[in-house]
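Note sheet for the following structure.
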């Protein structure tokens, strides 16, 4: 229901609202930005007039009605095998950057060499100190009733030089973490690589720009399988390869910080139109080799699963037109299909092959066969959506970044000037739960309905948000998560095979180029009190949400659900 209302601001900023249609008053989350939002899902279009009705309207931004009690998700909406958990990554939380034999990663090097590239000039040297405080992280998971912890392995902690003999103290750390999780009834889901390549390999041959990385990654994966595979039964080979390639080799805002000459980045010695595709190609080849190794030697009982975690963004056409509908399809191809289609059918999307040309590497027939159907499970990391607007394909348009190759711009506002959803405090995240439902249905209808986990989903607290007066009262995060959990349920009800939802993140962490200025955690890290963990409002809600006895939850047989196939519906 679209609600058009007039409101009068009183001195306490309480909004007294009466709708033109005579609807009852609603509690609304308002943001201070001069735009309005047309009805999408549960959002409503509100025009606020301060003063008399005759005064010109001053729209103050997208708003949405507060969820009614019956709209707030309940644990019994999902079957007992559906998994709720939280995610982190090694560099962002562990600290201990040079302790117990760990070698430097590309992120250690990037933060130490180019501190000006981090918004608050911080680094992950200590981070949340999870290397020493991992038991506190496990306790927080237990207190919230979470059943899964998704974390990543630091390549340079267990292989300081990237290759060779493992560092036993690094192995011990992850063994201790895994054992503690299992002792407390929490299932480990392990990401083998989450952006922190050993600096030794970057120095030796250029990291993911060199095909040699494929064999070295395979060795790293083998060490992980051999060291932890007796207890870890769910693996993701790579996390967010799309974002990594674009930010690390296109824009150069993430380690190793490469971009084309003349652009503003740490290392303007690259090629922003080629290197992202080269690095991405080697990531896919490394994934295929690791999966082949895993299935041949480390899953003899057939009880383990392996896949990849993709960063995804939802898209709506900028306006109701054929050209923008096509732009949306290309945007999805470049954002999701770039890495998804090779692991489903063995090659890149047709639109990418057509528009990128010889800058996009080719797979051999053998490589295609290894890649096709190489994921038992898939992770989707979803935060926000955009409008997709067609850009004319002509000789007058010259791409500067690989992201220009889709000939579709990503817009936060539609053709009517309205934002796609309320901004959340984090400058790049506009809340749009429908985008998640739509993506899950795309996975169902176009990609064979694979088993999916929402491996990341959340928003950040930021100091600049005037509504954030108490770091533990993260009411925006709670509302965001409730709406997105509901969006997952909507997709499940329409047949999508979704197996779990993991919030990003478990704890406040080092947020890459944003440093510690964006805090994504369910758990607050008090840096003034020895990195003490404190549950936020959202964490306490999860504790209540997850408290429903398992015996009261329904059971759904997933044994006959379709596996990931090598076919794509076009």
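Any Cβ shown, glycine's included, is placed from N, Cα and C.
When the candidates 298, 315, 383 are compared with the beta-D-glucoside site entry in Swiss-Prot, which names 92, 194, 239, 240, 456, 504, 511, 512, 520, the shared residue is 383. Residue pair residue 92 (beta-D-glucoside binding site) / residue 456 (active site, nucleophile) shows a Cα separation of 14 Å. Listed in sequence order, the recorded positions near residue 456 (active site, nucleophile) (C-alpha within 10 Å of its C-alpha) are 383, 504, out of 259, 265, 383, 504, 512. Cβ-based crowding with a 10 Å cutoff singles out 383 as the top-ranked of the binding-site residues 383, 504, 512.
For residue 259 (disulfide bond), other Cβ atoms within 10 Å of its Cβ number 25. The CA atom of residue 259 (disulfide bond) is located 25 Å away from the CA atom of residue 383 (beta-D-glucoside binding site). Across the active-site residues listed here (240, 456), the residue whose Cβ sits among the most other Cβ atoms within 10 Å is 456. DSSP assigns residue 240 (active site, proton donor) to coil, not to a helix or a strand.
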